[in-house]
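For ARG65, THR96, ARG97, LYS98, ARG120, LYS130, GLU163, ASP190, SER222, GLY223, ASN224, SER243, GLY244, ALA245, the entry in TrEMBL reads substrate binding site. According to TrEMBL, the feature domain 'Quinolinate phosphoribosyl transferase N-terminal' maps to 2-75. According to TrEMBL, the feature domain 'Quinolinate phosphoribosyl transferase C-terminal' maps to 77-258.
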Amino acid sequence: MEVEAHFLAKEDGIVAGISLAEMIFHEVDPSLKVEWSQKDGDYVQKGLQFGKVSGQAHNIVVAERVVLNFMQRMSGIATLTKTMADAAHPACILETRKTAPGLRLVDKWAVLIGGGRNHRMGLFDMVMIKDNHISIAGGIINAIKSVDQYLEQQNLQMEVEVETRTLEEVDEVLRYTSQTKSSLTRIMLDNMVIPLPNGDVDVSMLKDAVEMINGRFETEASGNVTLETVHKIGQTGVTYISSGALTHSVKALDISLKIDTELALQVGRRTKRA
C-alpha cells in the first residue's frame with residue numbers, strides 16, 4: 001500500500017534531525033520520497049505540519065520510530081542550545097563529552113544546529129587537564145609540563161586547556177606560561193560562579209579571573225550554568241561557557257508522524273497538544 005505520512009510538531013521549538021531522518025528513510029527504502037517545509041535549525045510551532053514522507057506504507061512504519069527517536073532528541077538539544085546561546089551572547093555556548101553513549105556525533109550535531117559550538121570530540125583532538133590529572137601529576141604546573149613534553153615527544157599539535165578552581169591557580173598558570181613556552185591555549189574557570197541564597201549568582205570571582213588573564217588565553221566558564229544564570233556569566237568577558245546539561249539532561253521535543261492527520265489533530269486539540 002502506498003501512503004503519505006506527515007510530521008507534526010506537538011511543541012514549540014527548534015527542529016533538528018531532518019538531514020539524519022532522510023538518511024534513515026533512504027537506508028530503509030531508497031524509493032521513499034521525503035519533503036520538508038522547514039530545515040534543520042528552523043523554529044516550529046505546536047500543531048505545524050513541517051514535512052512528509054510518501055511511499056510504501058510498510059517501510060514508512062519500519063523507519064518511523066528510529067526517525068522520531070533521533071529527531072525528538074536532537075530537537076530537544078537544539079531547542080535548549082538556542083535558548084542558552086542567545087542568553088550567553090557575546091560568549092559562545094559549548095556542550096561537553098557528557099553525551100549519550102554511542103550518540104556523541106548526533107548530540108554534538110544537534111548543538112551546532114541550535115547555534116552552539118562544539119567542544120572537543122574525544123580524548124584525541126584536544127588535551128584537557130582536569131582536576132584529577134592535576135592531583136595525579138602533583139600540581140597544576142607539573143601537569144602542564146607533562147602535557148608539553150608529551151606533545152613534543154609525539155610531534156603533536158593540538159589545543160590544550162587546563163582547569164583552574166582558584167584565583168591562585170590562575171595566577172600560577174599565568175606566571176609559568178609567561179616564563180616558559182607552553183602549548184596551553186585555554187584556561188577553564190571552574191565553579192567560579194557562586195550561588196546566592198536569593199537564587200541569584202555572584203560572578204565577581206569569574207570576572208576577576210578573566211581580568212587577570214586579560215586576553216592572553218581563551219577562557220571557559222563551567223559550573224552552575226543554567227538558563228537563569230547563563231546571561232550573567234556571558235557578561236563577564238569569558239570566551240566560552242560550557243554546559244553538560246545541553247546533552248546529559250535532554251528533554252525531547254514532542255514530534256509525531258501521522259498518516260491520518262485530520263484525526264491526529266482532532267485528538268491533539270482534545271488533549272491540548274495541538
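Every residue, even glycine, has its Cβ placed from backbone N, Cα and C.
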Remark   = Within the same chain, the residues at least 6 apart in sequence whose Cβ is under 8 angstroms from that of ARG65 (substrate binding site) are none
GLY244 (substrate binding site) CB neighbourhood, other CB atoms within 10 A = 16
Request  = For ARG97 (substrate binding site), just count the other CB atoms lying within 10 A of its CB, please.
outcome  = 16
Note = Within the same chain, the residues at least 6 apart in sequence whose Cβ is under 8 angstroms from that of GLU163 (substrate binding site) are MET128, ILE129, LYS130, ASP131, ILE134, MET188, ASP190
Inquiry  = Could you state, as a whole number of Å, the largest distance between Cα atoms of any two of ARG65, THR96, ARG97, LYS98, ARG120, LYS130, GLU163, ASP190, SER222, GLY223, ASN224, SER243, GLY244, ALA245, the listed substrate binders?
reply    = 41
Query = If you count the other Cβ atoms within 10 Å of each Cβ, which of the binding-site residues SER222, ASN224 comes out on top?
reply = SER222
